[in-house]
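The next block holds one structure in the form of structure tokens; read it before the comments.
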């Protein structure tokens, strides 16, 4: 006699759990999705039209989920805004929202879809997870009614949240996270009253989750990793790339290395808005990543990760990020410094005029030190050492300390800090360090063509970012991103909804 469907799912889930436990590794997938967008409108569409648009996107996501499962993935992360896009006013997004319950209710929408209010999106995501025996991570909108007894209740009588959901291989809702750090254009959503630190246990480690802009702030990002000690962070994002620094693959890989944690980053894909770049990042560097600024195609990535990276024999040792730079007895600053803008941030730069040298540049409390030797200095290229110590952001301001070896856009020094994607100059060696006032420093090297350099650099325990054997490709940037969370300004928009 054939087993019943519920028993079959339970057996498959148990087998997957045993396999994951036996190996101390797991296979993860992320999908960069070219979102099918609704027509721009200030007026709400009908619920049927909203669901039709969401089903078109979920058709694509379901294909990626099936393919990932067939290739052995235990979990797949899909992007922020991946189900309905981002062209919304507060009123226009309402038909796309569902009431997402607390996971403590122990609910499998796929098998019990009528237990709560109509939830066709949750039902379908749950079935995708259940039918493919895989954890599914998705981003959608949550609505919560409120009334006059709540003094913070919005005038339309509801809270609206940018929300991540996680369904386990049985289709059960196991995590729900409301985005705490909304980007300035997300006026369709409310800020949660308190930050949420959402974690859940799996057969392959302790997982945490947050969304996009959250990664730049202490809550919830640092709380999850440093205080709650998660092994892996799930990261749906809609990241608009900003060269020379904040490309998705560059900063997300740097953050994973600096924080010493796995980061499963799934981005939306829209080349008109410069959205691209996803990856499977670890404390040792990227295992797989994708950056495509030319085509409109989505991309599925898979890799095998350590389930508990802190227990790995290759886990990077603790770093004192200011030890080397502060130990230099004589720290002379270059005479030929100049100011240059990286977007709105004013850096202090010093041009590297020779093929080899020892340079220092300072700004505020930060001094950056560089020792380098170029192997084939191009006459048509200018490189600088740069330092920035200050607040970043036009509306929501947060404090960076940045040391960078940077290629300028042209030989005109006024272009230093402007976006550039290609280079010709390689380096025999470089060593970059700084007098950082924080232990939260994120290292990364970016090559010509917006390519990462896994395995070609190392971070020494004294805080030096150092090439191992020279650069195999021309260099765009080598950067140490420091975050002084305690110097952030109060958030101007996060009030009770």
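A Cβ is built for glycine as well, from the same backbone N, Cα and C atoms used for every other residue.
Note that the structure is a prediction, hence the values are computed from the model and not measured.
Annotation source TrEMBL lists signal peptide at 1-22. What TrEMBL records for 31-307 is domain 'CN hydrolase'. The active site, proton acceptor annotation in TrEMBL covers 80. Look at TrEMBL and you will find 179 tagged as active site, proton donor. Under the heading active site, nucleophile, TrEMBL lists 212.
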**Intrachain C-beta neighbours of the residue listed as 'active site, nucleophile', sequence separation six or more, cut-off 8 angstroms** = 80, 179, 183, 235, 236, 237, 238, 239
**Message:** As a test of reading the model: what is the averaged pLDDT for the domain 'CN hydrolase' (31-307)?
**Reply:** 97
**Prompt:** Once the chains shown are all counted, how many other Cβ atoms turn up within 10 Å of the Cβ of the residue listed as 'active site, proton acceptor'?
**Reply:** 26
**Fill in**
Cβ density check for the residue listed as 'active site, proton donor', other Cβ within 10 Å (all protein chains) comes to 26
